[in-house]
Amino acid sequence: MMGIVFEHCTYAGTYLFDTFTPRLATYVSLIQFPKFGTVAFFMLAGFLLGEKFFTYTPWEYFRRRLQTTIKPWLFWSLLFVGAMFLKTWIIEHKSAGFSLGETLAQTVQRVYLFTNYWFIINFLVCIGTLLLFRRFLYSWWLGLVLLLVTLVYAFNIHLLWFFPVHTTAIFGFVFFLWLGACLHRNWEQVSILLDRVPHLVFVLLFAGTFYLSVYEIQVLYAQQVEDPFNTLRLSNLLYSLCAVFWLLKIRSIPFTRFFQPRDTTFGIYLIHYILVYNFLPELLRPLGLLNVQDLSLIEIILSSVGKFVVVYLTTFALVKLIARSPLRGLIGR
């Protein structure tokens, strides 16, 4: 979740620089570094769900997931719709041709299709897909089919068989949910294999796939594609898998226990983007840090780290406060 928040805090637009300068390379690298977060989210979700797929009937399980997920998601997404609409109205309501209804419709579309709230819908679709094939959940042929679907999306980024945006890649992450469930089932054997691989191997793989990921972004950037940072880039999938398996080898990072990830992750995911969109610009504007393209290389790095620290700690504090109140159902689990 820290990776997802860092990426959202860093991203300020796509084609902000005219050429691939050191400043652009730094900006791209800062976005790419935590880019394993989405794949990790699906894999770890599959790992934690594990045998729960078989504890209930498919409908019972899916209904339970809806009850614990949809209500918090609906509350915070509607709050974001309101916050985004209000911000747009304040800026544009005196402009000629401003339409209240059209602005509201565009805001709803943007929130539910082009922000992090879309991925909760995507997540539920992925769970529903695995439940449909629950009987074959641990079959390697199912994994192969799901991998092929993911690879279609990965190659489509370059070949453009269909419009390559995340809303068309709704089945692109099912493979990683399946992989997480399989890792849970075979954890003893996987753990032994991971213990045999030296950390140096993971360091080299992590660095190599990171370089490939940045290079692929550079290629896509030159082609002026819609989304050169697409999570389903082949290089990023390899990078993400490397990062996740390395984290599984490490098993525990002491400082993360303070943040109680199992209790706070969903709440942080639901709330943080509201702060990124509505709070950060007002904080950065008087400091002269709003436009990334106007910053020096060092300022780009420091502002990204600073934004992440402010947003993550503020969101974490809000989640903890809500968890101790009668409204704790609003942050789910």
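Cβ atoms here come from the backbone N, Cα and C positions, even for glycine.
Just so you know, TrEMBL annotations never went through curation; they're auto-generated.
In the predicted model, the domain 'Acyltransferase 3' (1-318) shows an average pLDDT of 91. The domain 'Acyltransferase 3' annotation in TrEMBL covers 1-318.
TrEMBL lists 24-49 (among others) with the feature transmembrane segment.
The transmembrane segment annotation in TrEMBL covers 70-91 (among others). Beyond the transmembrane segment (70-91), the same-chain residues lying 6 or more positions past its ends with a Cβ under 8 Å from any Cβ of the stretch are 100, 103-104, 107-108, 110-112, 115, 117, 120, 266-267, 270-271, 273-274, 277-278, 329-332.
Residues annotated as transmembrane segment in TrEMBL: 111-133 (among others).
Long-range neighbours of the transmembrane segment (140-163) within the same chain, counting only residues 6 or more positions beyond its ends whose Cβ lies under 8 Å from a Cβ of the stretch, are 133, 169, 171-176, 178-179, 182, 220, 225-227, 230, 232-234, 237. Under the heading transmembrane segment, TrEMBL lists 140-163 (among others).
Taken from TrEMBL, the feature transmembrane segment applies to 169-187 (among others). Sequence-distant contacts of the transmembrane segment (169-187) (same chain, six or more residues past either end, CB-CB distance under 8 Å): 38-39, 42-51, 53, 122-123, 125-127, 129-130, 137-138, 142-143, 146-147, 149-150, 153, 232, 248.
Sequence annotations record features per position, and here TrEMBL assigns transmembrane segment to 199-222 (among others).
The transmembrane segment annotation in TrEMBL covers 234-252 (among others). Under 8 Å from some Cβ of the transmembrane segment (234-252) lie the Cβ atoms of residues 32, 35-36, 38-40, 43-44, 150-151, 154-155, 183, 190, 194-195, 197, 199, 202, 205-206, 209-210, 212-213, 215-216, all in the same chain and six or more residues away from its ends.
The transmembrane segment feature in TrEMBL is assigned to 264-280 (among others).
Summarising the annotation, TrEMBL assigns transmembrane segment to 300-323 (among others). Sequence-distant contacts of the transmembrane segment (300-323), counting only residues of its own chain at least 6 positions beyond either end whose CB sits under 8 Å from a CB of the stretch, comprise 2, 5-6, 8-10, 23, 26-27, 30, 259, 263-264, 267-268, 271-272, 275-276, 279-280, 283-284, 289, 292, 330-331.
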By a Cβ-Cβ criterion of under 8 Å, what residues six or more beyond either terminus of the transmembrane segment (111-133) are in contact with it?
4, 8, 38, 41-42, 45-46, 49, 53, 58, 61-62, 65-66, 69, 73, 76-77, 80-81, 84, 142, 166-167, 170-171, 173-174, 177-178, 181, 269-270, 273
